[in-house]
Amino acid sequence: MEIQSGPQPGSPGRAERLNARLLDEFVSLHGPTLRASGVPERLWGRLLHKLEHEVFDAGEMFGIMQVEEVEEAEDEAAREAQRKQPNPGGELCYKVIVTSESGVRADDPNSIFLIDHAWTCRVEHARKQLQQVPGLLHRMANLMGIEFHGEVPSPEVVALVLEEMWKFNQTYQLAHGTAEEKVPVWYIMDEFGSRIQHSDMPSFATAPFFYMPQQVAYTLLWPLRDLDTGEEVTRDFAYGEADPLIRKCMLLPWAPADMLDLSFSTPEPPAKYYQAILEENKEKLPLAISPVARPQGHVFRVHCDVQQVLGHLTHPRFTFTDSEADADIFFHFSHFKDYMKLSQESPQVLLNQFPCENLLTVKDCLASIARRAGGPEGPPWLPRTFNLRTELPQFVSYFQHRERRGEDNHWICKPWNLARSLDTHVTNNLHSIIRHRESTPKVVSKYIESPVLFLREDVGNVKFDIRYIVLLRSVRPLRLFAYDVFWLRFSNRPFALDDLDDYEKHFTVMNYDPDVVLKQVHYNEFIPQFEKQYPEFPWSDVQAEIFKAFTELFQVACAKPPPMGLCDYPSSRAMYAIDLMLNWDNHPDGKRVMQPQILEVNFNPDCERACRYHPSFFNDVFSTLFLDETDNCHVTRII
């Protein structure tokens, strides 16, 4: 690395040695991030200086130019409507240009600039911050060109800012911390950074940067070529994407485009797609083995790191061991990877996982394999789902088709592989969905706009979801059981298709937030209440439809050889939690029906409530999976 300094006689002085040491420490801490962002090493020395001393010198090199084309409105009503729009007054455009008489040189070590962040938040907190943080709404409205009068936050202005923010938002996420702390953060650059416009041939690059010593996030700006006075500073809003069609979709928030001519069909991906997932997961498939017979009454030694199992498995046929070498059963919380080694060295060891079970438990894979049952649009028991990484153009086309037909267009964005509704967002804003693609890998699913509701006497008609525990004994032959007890989760506020960021209205997971009320209704209390509210729908009939959906799901998941389907490994067993809702639908004959909608399949689910209210839960699970004894267990065979 070159360290720029003037000529010095003799050996380096103390200050230079100190600077060199500080730079080494800086590179040790931040070098990987800077390299990943493409920041040239020649700029690192001055970057450190500017970070240490909080040097914001972009104003010495650049200026903001405003271009406005005013069109006469036809009448006062039209002018008033125009004033309420973002960027009132016609085509209002800002540009950042080089104002330094000497221009900007890409090889100048000083050609890196800090951009401050005007607003940083997580999406679920945005509305509250706009309403409560002094001056924030006013600043954001001004930055976005939204007219704002008075001091009291107007709901209309708040709504406009929340809609327009997706044209200005950038994102990063922390690499370390809890699952909650790693949820992506969205930020809006200051007035200078937010005025930098898009170009497919950008003159500058930007990257978010978290300076750890001061725990402050900035955006770094540096030139990609030399610029003369008056030239525009631009960046690529779809940086890193080469595919022209994907770029067109990514740029829709700023460059509207009609995608109606594009097919929104999403057939199941080819075999190589699943092979790539297998390799990315570093999962090694097992060799073929024969089931190992054990003597009558054999006591199984269980190596387990799941606390709920350790605390509640009391069946006399199972005992715990700390030694993996002595174990008959591995019941592990983390995902197992090297099935090949296990099949070679310990084929007799049973375990609580199947090779390739991510096809069920990861949301994009679940949507892909489900198309085997329902074709490109998916089966009736899974909401229409698109993988935003691989199916963005199809989704945009589908969204625009629904919009043109006047159909409901509420969607829910979910990370591929997070539970507890983390980083999950309900929206009808296409720009928001497109931009969410830039954070973590996500799917977008049709939001259930007509859910079957449950009347809570203390609240009103609320959303609810149902969790079933299913036990997969084997793939070939396919043997699947459901635990007889199911669990219910309820929203805390009456359902309506508004206030889409109101967690307690649109979500049901309440047991992880100590400040939120958890409504507890046991299954045996729920069934008579449900049948009283919906006398035409006996619960036995509803559950039969639910089990029919489970049957189809596992049939398609096991229909193809790995990595396109679950692997038939004789030593594998598994317990999954399936979360679902009920949706009102109409059959072709006009009959109104409750259609189960599978939301997700969870590996190693939290069974705290099961253990608390049903002490025999894990005894039943282990008897079913490992002993093939179900007569005295609370399970029902589905397949």
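For all residues, glycine too, the Cβ spot is worked out from N, Cα and C.
Feature annotation from Swiss-Prot assigns domain 'TTL' to 295-639; the stated evidence is sequence analysis.
The ATP binding site feature in Swiss-Prot is assigned to SER445, LYS446, TYR447, ILE448, LYS463, ASP465; the stated evidence is similarity to another entry. In the three-state DSSP scheme, TYR447 (ATP binding site) is classed as coil. All protein chains shown were included, and the count of other CB atoms within 10 Å of the CB of TYR447 (ATP binding site) stands at 19.
Neighbours of ILE448 (ATP binding site), defined as other CB atoms within 10 A of its CB across all chains, total 21. Annotation for ASP465 (ATP binding site): spatial neighbours LEU488, ARG489, THR508, ASP579, LEU580, MET581, LEU599, criterion Cβ-Cβ under 8 Å with sequence separation of six or more. Taking the mean position of the Cβ atoms of SER445, LYS446, TYR447, ILE448, LYS463, ASP465 as the ATP site, the remaining residues of that chain whose Cβ falls within 8 Å of it are PRO383, ILE412, GLU449, PRO451, MET581, ASN583, GLN597, LEU599. In the predicted model, the domain 'TTL' (295-639) has a mean pLDDT of 96.
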